[in-house]
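Pulled from Swiss-Prot, these are the features on record:
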type	residues	note
SIGNAL	1-27	signal peptide
ACT_SITE	192	active site, nucleophile
MOD_RES	192	cysteine methyl disulfide
BINDING	282, 339	protein binding site
ACT_SITE	340	active site, proton acceptor
REGION	368-390	region 'C-terminal active site loop'
């Protein structure tokens with residue numbers, strides 16, 4: 001048998017054996033958005049954004065600075081560009097996913113050391129990988145009228161963080177992992193769960209008085225404390241003076257004002273069984289909805305909803321409903337690099353939602369809640385495991 005006939009026979013056997021002959025590398029090349037194309041996409045998006053252009057005297061003033069995504073996000077098939085006049089644009093590196101994933105008209109993007117941002121971005125990575133199984137470009141979804149809601153927290157200047165002075169009353173780190181010796185004796189970070197919740201409470205300036213004390217024991221698996229470690233918050237005795245709990249802190253505030261916010265943060269953290277650490281903390285959204293009602297006296301309308309129970313359209317309708325009633329939404333998910341909690345407090349009416357990450361305004365902007373191609377969602381529009389761990393706490397009002 002000559003080589004030509006042998007080659008034909010081998011190909012036939014592969015086909016009969018069920019092997020896919022289409023080379024996935026070639027498929028990726030067909031749908032890949034290279035760096036030049038990504039930059040062009042960002043420029044086109046900026047040119048259509050009056051808010052971004054307003055910060056520049058002319059189009060020539062606008063320069064793009066590519067952000068290097070490190071850690072879990074390296075090689076993530078996304079391009080992030082900070083805009084010289086303020087703001088950023090996040091572009092997908094594959095045409096089977098939405099072209100623009102997120103943007104901001106001010107500030108800059110930075111995910112380094114910010115687990116909730118990195119975790120959310122990592123969910124984009126996983127969804128883009130899922131979209132690569134398709135052989136069709138992203139076509140979007142049918143146009144659905146969505147409300148435009150300006151950032152509710154921005155309207156009151158609310159931008160909290162996780163360090164000083166917000167964490168002045170969190171537990172003090174007692175021991176550390178190798179290489180973390182500098183953290184010993186420092187207060188733990190407030191945690192993104194407490195920060196997100198406290199920002200919503202500041203928006204409502206409620207309650208004036210706490211309702212119920214809370215105590216719990218830190219998990220014995222926590223490597224930063226000697227065990228057993230019991231934490232207690234005398235919430236029932238608290239008088240929350242919202243005039244002293246400021247919308248944001250620069251470090252120049254009075255001690256009374258600093259202690260006011262740190263007391264709120266500590267109470268919230270303890271009320272949700274915060275698993276404290278030197279640079280982050282974790283807790284579940286089910287505990288947030290319980291704490292708001294039982295410990296802080298919020299309306300019984302407060303409840304948790306899970307992304308896996310809704311189609312994409314119905315899920316976003318739930319978020320839209322809350323925002324239309326001027327109620328910021330507590331949002332949480334879980335990814336490979338940990339959990340992420342943040343506040344959704346606005347919408348641009350084009351499937352982008354305004355996110356306050358709880359890092360003093362860093363990386364705040366408009367983001368898609370997912371990057372899945374509708375063709376990957378299947379019947380009913382569910383999101384499989386990609387959004388299965390996302391949840392929100394809604395109905396938050398006094």
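Note: Cβ is positioned from N, Cα and C throughout, glycine not excepted.
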I'm trying to understand the geometry here, so how far is the Cα atom of the residue listed as 'active site, nucleophile' from the Cα atom of the residue listed as 'active site, proton acceptor', in Å to the nearest whole number?
7
Roughly how many Å separate the Cα of residue 282 (protein binding site) from that of residue 340 (active site, proton acceptor), to the nearest whole number?
8
May I ask which residues of the same chain, at least 6 positions away in sequence, place their Cβ under 8 angstroms from the Cβ of residue 340 (active site, proton acceptor)?
115, 116, 117, 118, 119, 120, 192, 332, 333, 334
Count the Cβ atoms, other than its own, that fall within 10 Å of the Cβ of residue 282 (protein binding site), considering every protein chain shown.
22
